Amino acid sequence: RLVEVVQHIVVRRTDCGTIRGISVNTRNGMMPEIILIQTLIGRVVAENIYIGSRCIVVRNQDIGIGLINRFITFQTQPIFIRTPFTCRNTSWICRLCYGRSPIHGDLVELGEAVGIIAGQSIGEPGTQLTLRTFHTGGVFTGGTAEYVRAPSNGKIKLNEDLVHPTRTRHGYPAFICNIDLYVTIESDDIIHNVIIPPKSFLLVQNDQYVKSEQVIAEIRAGTYTFNLKERVRKHIYSDSEGEMHWSTDVYHASEFMYSNVHILPKTSHLWILSGKSCRSNTIHFLLRKDQDQITMDSLSNGKTNISNLLERNDQVKHKLFRFNTFGTKEKGISDYSIFNEIICTDHSYPAIFHDTFYFLAKRRRNRFLIPFPFQSIQERKNERMSPSGVSIEIPINGIFHRNSIFAYFDDPQYRRHSSGITKYRTIGIHSIFQKEDFIEYRGIKELKPKSQIQVDRFFFIPEEVHILPKSSSLMVRNNSLVGIGTPITFNIRSRVGGLVRLDKKKKKIELKIFSGNIHFPGEMDKISRHSAILIPPGTVKKKKCNKSKKIKNWIYVQWIATTKKKYFVLVRPVILYEIPDSNNFVKLFPQDLFQEKDNLELKVVNYILYGNGKSIRGISDTRIQLVRTCLVFNWDDGKNSSSIEEAPASFIEVRTNGLIEYFLRIDLVKSNTSYIRKRNEPSGFGLIGDNKSDRINPFFSIHSKGKIQQSLSQNHGTIRMLLNRNKECRSWIILSSSNCFQMRPFNNEKSHNGIKKDPIISINNNGPLGIALQVANFYSLYHLITHNQISIIKNLQLDKLTEIFQVIKYYLMDENDKICKPDLYSNIILNPFHLNWFFLHHFYCEKTFTRISLGQFICENICIAQMKNRPHLKLKSGQVIIVQMDSVIIRSANPYLATPGATIHGHYGEILSQGDILVTFIYEKSRSGDITQGLPKVEQILEIRSIDSISMNLEKRIDAWNECITKIIGIPWGFLIGAELTIAQSRISLVNKIQKVYRSQGVHIHNRHIEIIVRQITSKVLVSEDGMSNIFLPGELIGLLRAERTGRALEEAICYRALLLGVTKTSLNTQSFISEASFQETARVLAKAALRGRIDWLKGLKENVVLGGMIPVGTGFKRIMHRSRSRQHNKITRKKKLFEVEIRNLLFHHRKLLDFANFKEFM
């Protein structure tokens, strides 16, 4: 095959005139000296070589060993040499591009069949090496690595904090240390200390028993002696079915667009959370929602008839009312009870439910989230206000009613620095907002009216007010006139000028200064005494003198009586405030509400904060807010709008890569206490206590008297919807109690391992998606057990702390490791901004090793607590979904260790089946240097077969690179340079890969032999459809040089794509159909040539041998060239037409072929 593809390559010219070359760097370290000598020896220089300003080698000079030594000595600039890649001839090669002959030390002679020599030079060593391997049995090539071995039998002791898990270069689990690690091996009679150097692999674990001379570590400080290695891909498959989660150490964004491959920057764990996956069709998906409860057997049984459904309903009711009423400590039922939800299920989708399968409970999804940009807790601990000035008002009990004020905004244009009087007309009064229903966020108490008054415009009459003690010595008198800066007392001066009015009371003196103009009315002026009126702008006429006065603005006329008979009128200025219907409050409040239904109504209303005619008194330099813009919250629940009157609120804090976002979640649900039993009924089932919390956190179960135990058997589960890119086929996962286990670290029962499997586990509303705590009833300590994400407005006082701590003897420890010992006789203030609260039992727990928080992932056999006279408590691997007073409920999960450079298949939260590929490792594997492994790779390269996997995004990368090149150098040259660089780089890469195999066996083949082969398999391009061309058809396979010359001659851009053909395909795509037919597929090639009318010009060796003619090499080549040169000279001297010259330059090789055909006819 090698000879077949290059049999027509013959040296037919001395110089092709090319100015291109390949760069070779002669500096130290860039290339080994032996390889450099083999690369340069026998080559021809493409450009002059200078040392400073002196030229040491001229162009087209061949390189010998003397010149190479000078290059290495002087370390010149990169040398450009001519190679078969740079030759401009299409079907043959010139002497200067080939170089010296391998037979003698001069340039190769004309007519030498260098193609045949190249094929033999590559194929013969491979055959000899293969025969040697078959006879000798192969050659072993390996290396050594430095290991640390155990000096004796014993148990390993080390500091686990100084190591972290990783994998060796072979893909096996290990530990790595960054500093010197001291390892102790304890045996019965002696203790050995071993020092492990940094960056070494530790192959054993703590407390592991090792034998003498066992390898415990591999030192990585030195260099490896493994010279021959290969990269191997190792896939890790999921052992169980479930949901995939990972930490922030994994890039959540995919490596490429539209792919599910994620890159791991550092060592991390992947988790498969247990759960049963199911596929849902379109009809079932309309019924199944997130957090719904369903029976597991319905998944296998399919449809259920009505009779079975009724029986199961009775069974559920029997289960519901069969409670232990003898005072046993039980867990409480959650907000979404079986009884309540069955009632709701019967009213919705009755026919469809009976025809499909049985729902145990239906989760209400009538809620929404409201994001608001809080500032950091450290900056503003006493105030919760966003930078935009919008404040959120939450009722104390955490329950919103209809038409409640949800948020407010104080517009700066309605703020005043001075005191005054407000006057307005009333549009509407809303008296349902009481003052005691609100929490003040600003740290100071603000006076609020009992009702909110809505107006369209109002008037503000400014005045200066001073409240002075009765013992103050005044420097002004009543009804006197003062100017600006007039002393009132020794340390108070007036800020405005006007009339002074004094009002003396029992313990204080109220001093007011009214600014304005004084008017003395006549006897006939009919102005009602002892009254104050507002006069609009316009013209005022006097009846006595028939004079009129024009008023531009509103004025406030006030009657002032000095004595019983003397009086005057004070005309005071008025400031008019217009309240527009629309404002920018909605723009300040975030509009991206995550609501599940379009039932939220937010209405913007402006309320005035002070009564009509009421005097407003400013304190020192504080500003007075006259109007408050409020956001009134309401909802519409369709048919059942009258049934839902309360909406409990809860705060959610979401942390992502250190960023904290706060959300307020409002659930439009109805309390289930009304139709379970009467609240004050002493007997019964006691679902909700009388004076206890009516709203239970969905992540906890409260232990108290009268509570019942909500149990879920093995065949019950909770649905969790999963994100799926395919909308037509959505998937969901069932989380049942069989996927969880319960551990009770603080109970009095004795257990060997501290782990107790409890199939009776309530998992209502459990899941690792977030933590939501109710705002109401914070006095209950059950809300402070876990990693609390509580975001409330200010420090909260626990009113019932004494009663709780008399029963529960625990200490509180916050995130700063401060232990709060409760005082039974005083209330304790807990700072909710410390979000990590932990309970330490004062009797049982001596030392805590691992803190357990909600949502935390725990590996297997991690000790969480040490008990007195008891073994360590260890957990199974999983995720903590419930943290209770005396137990921890963990969802089973399998961890997988992944090292840097690994690729993860699948998205975060995606469901995986058992046996799916989870992660792919790329590690090194030592291999032997046998030629039996090398030759197949050479054959794969020359036949262009895929060795390694190709990137999924390779085509998009090339397109993006071409766009950048086009922007830099312009459109006409973008395609040319892109294809040229692609072909040139591919040729160099193929030569290096083939040489690597032969050099590993000590076989030295000159690069030009391989370059001739590679030149032929990369000499074809495929005409693309990107550009319109009238010369070649789209999809046509043509030569690269022919495409370039045709485009330059016709000044037309020809779009083509670089193409790699194997030696077999290249041999079947030549200009000689005789050569193709004698190689493979004889009948097909001859039939196709006949249909196309192909002409064979007989320019190669093989076709002349087949037909019995003279081959164009050696002496036969000299005779052909002598005839053709003489005929060519006569033609050119006889006809000097420009068109004929252009055509001959265009079809340069065809001119030679015509001459050769004429010569054959002459013979």
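Every residue gets a Cβ built from N, Cα and C, even glycine.
Sequence-distant contacts of Cys97 (Zn(2+) binding site), defined as residues of its own chain at least six apart whose C-beta falls under 8 angstroms from its C-beta, comprise Cys16, Thr18, Val44, Arg82, Thr83, Pro84, Thr86, Cys87. Residues or ranges marked as Zn(2+) binding site in Swiss-Prot (evidence: similarity to another entry): Cys16, Cys87, Cys94, Cys97.
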Environment of Cys16, Cys87, Cys94, Cys97, the listed Zn(2+) site - residues of the same chain whose CB lies within 8 A of the CB centroid: Arg13, Asp15, Thr18, Arg82, Pro84, Thr86, Arg88, Asn89, Ile93, Arg95, Leu96, Tyr98
Among Cys16, Cys87, Cys94 [binding-site residues], residue with fewest other Cβ within 10 Å: Cys16
DSSP-derived class (H/G/I helix, E/B strand, else coil) of Cys94 (Zn(2+) binding site): strand
